[in-house]
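Working notes, beginning with the structure itself.
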Amino acid sequence: MTTILKNGKRITAGNTLETVDIAIENGVITAIGTDLKGENEIDLAGGLITPGLVDVHVHFREPGFTDKETIASGSRAAARGGYTTVCAMPNTNPVPDTKERYNEIEALIAKDAVINVHHYAPITKGLKSDELVDMAAINAFAYTNDGVGVQTAGVMYQAMKEAARLNKPIVAHTEDDSLLYGGVMHEGIKNKELGLPGIMGIVESSQIARDILIAKETGVHYHVCHVSSKESVEAIRHGKQQGVKVTAEVSPHHLILNEMAIPEDDATYKMNPPLRGEADQEALIAALLDGTIDFIATDHAPHTEAEKANGFVGSPFGIVGIETAFALLYTHFVKTGQFTLEFLVERMSTLPADVFQLTTSDLTVGSVADLAVFDLETAYTIDKADYLSKSSNTPFNGQTVYGMCQLTLHQGTIVWNAHK
């Protein structure tokens, strides 16, 4: 059966919009034009058609923490946000640090996911040890200890050396435990106002600087997760100038908020890395604009309301974000003229797909029908009660935004429809 998406808008060269129909058959775009006909016609009423969004940094919590999220609920939440491909972190229980455990998660994904879900494997056994996993045996698409940093240079060197041999990326949560000192939020203005222990920017940037030197030595593709500080931006920029194969992501909350947005001891604002100073926020935006930071990833990190009710000191790090990322970024940056629409869409879809060799559509005939449709004209209010995620730990509840996802298709199949 041929499905026709009618009266949608797509971005053309020069960041203009044109009205088109798109024909889809057997999961593939077969025609793009006007006045197309088919058995199943869907009127998009002028909605923006984009490639399916790609998020290389989510936590779906399964196995081990299914009260917070599951592969089923997380993938549905992602589809609601316009995502058709995501990459899930390995801080599960058990950690997928053997081929057998990794295969068990792959089987869960095959059974329950409604979109493409790729799963990382850890760099070291149990995440916190110094013993490398058997990367060749596991054969994941990439390796990361996200949630903790690799603490010793020697372990990171051996990991990068092996990953380079296998032509696989090393993806790094950069955090020097010896510099944490029990910090729960950024070491800046707000932590002093609230009397809470701070996390210095060098906790992150010192490991990035170390890792870039090791990446230069080994030739590995080194990817930096959730960059948050201006010093980290400087280290990444220098690495790129030196020819190191380093890429980086930034999360929506670090672009939109800084430490001064935290109203009180409210753990819905507690994430790792923390919301930093205004100068850091400005450096992140500039780095995304100039290409030092390559793209945007949500770091979707679900936790229960009970866990998040214990203030900054007693609550876990992390916020959810995958259902509202596009709308928040469109509202804060495209509608204000800081980003073009084309710039934002690329950094949420085709650029992360290119960096990690993942799948999304390029909106041409013959490409996979992984697509999202957004309403750019109608305002709506974020209501965490409506979330498809099992968790709703967000600092953006109650915010009015534009850009709700109306429709998401994965391989031509509708996996989210806002009207049903």
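Glycine too: its Cβ is placed from the backbone N, Cα and C atoms.
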Zn(2+) 2 site partner of HIS173, HIS226 (as recorded in TrEMBL), chosen from ASP146, ASP211: ASP146
Site co-member for substrate according to TrEMBL, given HIS59, PHE60, ARG61, ASN91, ASN272, PHE317, GLY318, out of HIS303, HIS332: HIS303
Given TrEMBL lists HIS57, HIS59, ASP146 for Zn(2+) 1, the same-site residue among ASP280, ASP290, ASP294, ASP299: ASP299
Entry from the binding-site residues list PHE60, PHE317 having the most other CB atoms no farther than 10 A: PHE60
Cβ neighbour count within 10 Å of ASN91 (substrate binding site): 21
Whole-number Å value for how far HIS303 (substrate binding site) lies from HIS59 (Zn(2+) 1 binding site) (Cα to Cα): 10
Residue from ARG61, ASP146, HIS303 whose C-alpha is spatially nearest that of HIS173 (Zn(2+) 2 binding site), among the binding-site residues: ASP146
ASP299 (active site), number of other Cβ atoms within 10 Å: 29
Other residues, Cβ within 8 Å of ASP146, HIS173, HIS226 Cβ centroid (Zn(2+) 2 site): HIS57, MET89, THR144, GLY147, VAL171, ALA172, THR174, GLU175, CYS225, ASN272, ASP299
